[in-house]
């Protein structure tokens, strides 16, 4: 099993003490922090029985669990199966794709429950959690999975854990700025999850640039079966994206609408992806890389606006455009990013999350700016944008401006945070693989 | 990658302009038609906030979204993962199975939203959509996936798109005749989806008959791994079929009952499939083809009656019979259909959807004819068959007669429609593969 | 395809009449018993329309279907996809893993509906079923799937059916003793499903001990692709386990809480599994066997306590410990069990279900014993442990004692039942494979 290493490039990828210690210490820290801070929210606490009576709630159905649990499970599948299997396209990195994704996500959701909890669910010294917190933790980790796609195959599990720790932290800060300070809508996370995650990951991979990565070029492709496994990931992401974009929207029409808009955008996206995949190749054949990835861009690009009155045809237009942008990106932009900007983007996240995320932020800003009481109804208008309290007088066009500011903030946070974390990950102590052993499971796995 | 073509049979399978133009033009047409016609239904529109108050709806839970969304997601998985992976059993057609299914279904659901919308959700010039429309669109596309099974590996993606366009149209017409004119019950689509889809597809494949298909016989089998991938499709179809048959039933007991009946029928079906799979082979070994397909026949065969008071033991009987019929069909009927009737049925849809669909229609007619107020309760009886308005005086036996008429109408529509579409697909301009390159991904895909 | 058999060990594995007859006769028996006993429960019966009015139920949403159906579907996926694919890790036993699991589970759920129905849903001579019965039937079969893991690859399908018949029967008796006689809480089945299932299966495999099993040692390992298929099983079990542990809990806060506790326990478990997997190997590499299995121990170990006020940090602690216990078990205990105790445990169920199941029972007993009105609220306290009727005066510490008794009863039932069933399966008439053809699909399957 032990294979000879190229002399000159030998790196110490021995994980035996570094990985276990990191995992165990961090998990102990989680237990302590959860012990100090995390408790059940009112709807998950046994006291709910009494609270129901006080609040005149007549049906157990009013528990938020029943509004959100099915969506939560779909999102949960997307993070662990969707991302995990999508990244399995590499011929010899299946264990790493699904296994490291499993590891970082399992740690990330715990840390996200804390970080997001301190910002959003902190009451009288405790973080009170319920099903919505679980969804938001999965969302937060989703942005880490996105960034993982850029550095897939080139990092050690410890580096991934460190990136997760920092990225979740920065995600929570950025999310707080957007949702609470700018009072921006972003239910499906075009800005907070995709734009932030993608440009964060791209910055990290830029800093970790490997000039001699062509030494493992033979392993960077797919084989027939790895492409089929990847399609499992693609399809679950595609199918459950309506749940993703609607999972934390307001009860009722907003959740309903977000699911429909996303469904429409994704459907249109498949057709333009297929069209451009065939058109951009001399032989006119379809390329599985595009089918696996660009078909999902439509979900990313309505992440902000899906819960708004984007309308079904508006969603089709967004999906139409993003299938094209994303496929063109895979064909023309990815090679240029690597050769000119030294950005080695293993999964092409710039095409699937970066550009569509930006488009999603812009579509959201426009849709918000174009909102009228006529389209939303008087009450619906206030509810949709939460124009209450200190935001009572905010107008749609001002809201649009803040939405646009949210894109900029997310970008800045991503670039600055990615630079910081990339610098940390560049330290030669984390056990990353040599150039010629990238994209290969048997460095970190018993094969 | 480019392989030499047999001189005599050379066909132009170059897709570079035909496929992209079809996809782009059709998607533009969808956008225009959606722009003119499709709007959010009341429960997905932001005005719902006001409507709730007018209609005295006290809980957001009353939004149809919460009654149907979990079932919708299960159905969605069945169409894209279930059918897509089930058809992956061919050793070298995995990309085509899952990829073309993805393409035709993504287009089909959009066209189905329009076609079904004009017939069923058209109000004051607009099609108002909600989660039930999404389910029905998936259902409609399900019948195309069924037909795809008959011609799997033998057509170009353009042919599949053309078939989808016509089949969805005819499906909507047939559905309208059955549900609205004949006032027939068919919640799980034994008639509208399976009977129609199967005989439509069989007619198409008959017209596209390839006398020299044995030239690609070596590629028409499975390998070990392709059979395991196919089992993913099988299991998701089998597991979610209770959701399929209950997805558009009336709220409450009808949905509940439909799920239970389907669960029972499917369980029984597995045992008789295993029994006959072993019994019909000299060596007594089990055949994965049967396990992958015939185990599902029980779901097809209660598609009409699942929401009726079929009772659990009635469901077991139906499943028992259909496991046998379907397995026997695979062993004895499929070869005869090809040799005698020149019907080349790649996936054996006649055994999985054709015969069980017919049985399902008949079981539905009998169950309806046998209904009594005693069994359903006075109110339940009226609700179950919607004996209101102009149908107030219809008796169970008359209903049974109309149900039977529904089978005949579906068959006629399937045969006539299939003949028409088969004729169109036979034109030598759609880029279908030569006989010796059927069942092979590298004609249309970069491999 | 027919391969020569080693002379001395030739066994008659010919299934042609034995398997079909068993399947058909048993299914006929199911139909008769369902015909005599099983009817729709009130919420699935068409009379519900009238019953609603009598009981002043104003919304169809109050139908138990909507409280439990999404969880049911997740559990359903776990049993058929989760277990079926997890057991696919063997390089040449994929058909057997997923196919036999399919067979035994499809039979088992029918028999479980009857057995559990007689004990729990029997009213005026009929078993009245609804969605909760479907979940419980899946649970019951889950314990058979666990036991199947111990004997995977070493038995004929007939032996599996016989084991299912007996194990479901004994499961129902044990469950009745625990839930009804001891009035014990065990919503996620740490005791009834995992402890019982594991020690039952271990006893069976002990009795079926094969001293010369090393003859098929080459087939007992995994290959790259079989490990990836197994990860599908792992992830779906891991992701849906919160649904599993909450599926039959009381409506409202209990379901909500059970999902959160399970989510936390599982997350922690992943980190300690990774840590010990790396730590216990000289080369410090991760082992897919651990990732596939030990990561799930956290779900097993909160099976009893998840619906109690275990608290998120309590769940993290349980998951932390069980990831370690389970991984250490795979590395050190499994080899010893085989060499010293002659227990050949193919999937290592002792590490995934046995020890974590016992821990789960103990954690449940402690959590119950530690319950106070302060923590649960006055009403919540009574509701959580159902301290009503003849149990009105039971104290938490007494409850803890009964919980502990439940562990002992489950163990005794498992060992006694396993010994009985193992003895029956040892009879030389069931067509089990010879030692050198274990773990090989082509004995029972057309390959």
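Using N, Cα and C of the backbone, Cβ positions are placed for all residues, glycine too.
Keep in mind it's a predicted model, so treat the numbers as computed, not measured.
Residues or ranges marked as transmembrane segment by TrEMBL: C:21-40 (among others).
Annotation comment: TrEMBL describes C:62-436 as domain 'Ammonium transporter AmtB-like'.
Taken from TrEMBL, the feature transmembrane segment covers C:71-90 (among others).
Residues annotated as transmembrane segment in TrEMBL: C:97-114 (among others).
The transmembrane segment annotation in TrEMBL covers C:134-153 (among others).
As annotated by TrEMBL, transmembrane segment applies to C:160-179 (among others). Beyond the ends of the transmembrane segment (C:160-179), by six or more residues, the same chain brings 22-23, 26, 100, 103-104, 107-108, 111-112, 115-116, 118-120, 140-141, 143-144, 147-148, 151, 186, 191-192, 196-197, 200, 204, 406, 409-410, 413-414, 417, 420-421, 424-425, 430 to within a C-beta distance below 8 angstroms of the stretch.
Listed as Cβ neighbours of the transmembrane segment (C:191-209) (distance under 8 Å, sequence separation of 6 or more from its ends, same chain) are residues 139-140, 142-151, 154-155, 163, 167, 170-171, 174-175, 178-179, 184, 300, 303-304, 337, 341-346, 349-350, 352-354, 356-358, 360-361, 364, 406-407, 410-411, 413-415, 417-419, 421-423, 425-426, 432. Taken from TrEMBL, the feature transmembrane segment covers C:191-209 (among others).
Per TrEMBL, transmembrane segment is recorded for C:221-240 (among others).
The transmembrane segment annotation in TrEMBL covers C:260-280 (among others).
What TrEMBL records for C:313-333 (among others) is transmembrane segment.
Tertiary proximity for the transmembrane segment (C:402-425) is limited to same-chain residues at least six positions away from its ends with a CB under 8 Å from its CB atoms, namely 147, 155, 159, 162-163, 166-167, 170, 173-174, 177-178, 182-186, 191-192, 195-208, 304, 358, 361-362, 364-365, 368-369, 394, 432. Positions annotated as transmembrane segment by TrEMBL: C:402-425 (among others).
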Cβ-based contact of the transmembrane segment (C:221-240) with the transmembrane segment (C:71-90), 3 or more pairs under 8 Å: yes
Averaged pLDDT score, the domain 'Ammonium transporter AmtB-like' (C:62-436): 97
Same-chain residues at least 6 beyond the ends of the transmembrane segment (C:313-333) whose Cβ lies under 8 Å from its Cβ atoms: 260-273, 275-277, 280, 287, 289-290, 293-295, 297-298, 300-302, 305-306, 348, 350-352, 355-356, 359-360, 363, 367
Positions on the same chain near the transmembrane segment (C:260-280), where near means CB under 8 A and six or more residues out: 188, 238, 241-242, 244-246, 286-287, 290-291, 294-299, 301-302, 305-307, 310-324, 326-328, 331
Close approaches to the transmembrane segment (C:21-40) from elsewhere in its chain (Cβ under 8 angstroms; 6 or more beyond its ends): 103, 107, 110-111, 113-114, 117-118, 125-130, 158, 161, 165
Residues of the parent chain within Cβ reach of the transmembrane segment (C:71-90), under 8 Å, 6 or more residues beyond its termini: 97-98, 101-102, 105, 131, 134-135, 138-139, 141-142, 145, 148-149, 152-153, 219-222, 226-227, 229-230, 232-234, 236-237, 240-241, 243-244, 246-247, 255, 288-289, 292-293, 346-347, 439
